[in-house]
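Here the structure is laid out as structure tokens; the discussion comes afterwards.
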């Protein structure tokens, strides 16, 4: 029993259990992608027009993508504190929205609703910073795979939440907001103390373990997709929804078995090594640091400490070394990433936020519109794991620059937007798949590129800064372009009926023309973003043609 307790403590304190805990935290960190499901309730209950609803969507995107506060907090506080702060923000923000939509409190002003959703959405940055950054630092040589897996679970969260809310609350989509308020908060509280930075240890079978996690997550994604199709064809009872939610829960906990198995292997290896006579060589090996490299690194760090970060802004290190925050933010590479993110993620966020209204304008029933949202969520997952695993494989085997993968993803997104601009029978299904896949693929690529070009020392802050351009792109493309053009079409429709805006509470546009011009513009902007990303490909070709993970192998004492 004593040995079992010691192993249990070892497992909970291990890197692999931390990965499992991070999977669950990230599976609850994608509530922002469900905005298309419950936005109709907000619009109808509070009497908003499309421009106001899109303004709310912008503040959601602003909160979800401005994670500088969580990044800076992670630099000076432990991971558990970051996760608990995010938990409190998530519950308070979404709970206030639920109270407003269910009319349990007086109708809030628009600015108050914007504040609530911004606070709730911003909480996902604390989950990202706490779980994602920690795992990347624990597995630096598998960062692309790790980013793809973790962001993949975020992509699946929309479909996972849909199954849970149908099982718990039935078809009341207002209750989905309540679920979004308490479930992610509970996950962060439960696992807050198990997610923390450990000493990186390269395992020979590390990639094999990640492929096992990948297989489990793909089976989960396929199950969710099949449920999405079946639920559209068959009327499910609450018991049937409960059964499907139970299957989802079981699949979410299968990675725990894999994690325990790997920790058991590591436990036995360490116990076996502990029985051998200790020598100077083995003691040095346990440090996992080559003495010469260790001495060289210590010397470099001492030299860097003596210089102020303001004095070294324009004295940048080579790509791949640790940049200071100011060096990275003021570099040309980061500015190019900002521009590509503004175009790519800004357009993607706009498409996802308007998915409910797109389905409504073309005449799809509410049940089918929920299918579109679930499809985006599921293919968001496939995009993320594809970008993580495939880009990592192409990088290691063929030295393909990771920014080139981003170029291809942005070009694919253009096709999805054109299918919405010029719809035909079934085109919105295809567009949902393409939009979800391309949207999902962008974030792991962006985060991996930032970690590779600017180092891991200030990664908590830099990866949050890297996505700052997306809410700006969302504001311009969603509020100032898509929302205004949609409302103009709706007003024209009312005028043809001899009515004006004051005659209706909710401004609705019906017809393919409602989103045609906005999505032609989105396609053009995204194509421009793809061209910008090609500039980064040219600038980083030489860097990616080298062995970018060599320094991590040297630090671990591996030749």
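Cβ from N, Cα, C; glycine included.
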Transmembrane segment per TrEMBL - which of 114-132, 133-151, 152-170: 152-170
Listed range which TrEMBL flags as transmembrane segment, given the options 207-227, 270-290: 207-227
Candidate ranges 239-260, 305-326 [criterion: TrEMBL lists as transmembrane segment]: 239-260
Top Cβ-contact partner of the transmembrane segment (372-391) among 80-101, 152-170, 517-537 (pairs under 8 Å): 152-170
Cβ contacts under 8 Å made by the transmembrane segment (207-227) with residues that lie 6+ beyond its boundaries: 16, 19, 23, 142, 145-146, 149, 152-153, 156, 159-160, 163, 244, 247-248, 251-252, 254-255, 258, 262, 374-375, 377-378, 381-382, 385, 389
Long-range neighbours of the transmembrane segment (403-422), counting only residues six or more past its ends (CB under 8 A): 340, 343-344, 347-348, 351, 358, 383, 387, 390-391, 394, 428, 430-431, 433-435, 437-439, 441-442, 445-446, 449, 512, 515-520, 522-523, 526-527, 529-530, 533-534, 536-537, 540
Leading contact stretch, 80-101, 176-195, 239-260, 328-352, 517-537 vs the transmembrane segment (152-170) - CB distance under 8 Å: 239-260
Stretch among 16-35, 80-101, 176-195, 239-260, 517-537 sharing the most Cβ pairs under 8 Å with the transmembrane segment (328-352): 517-537
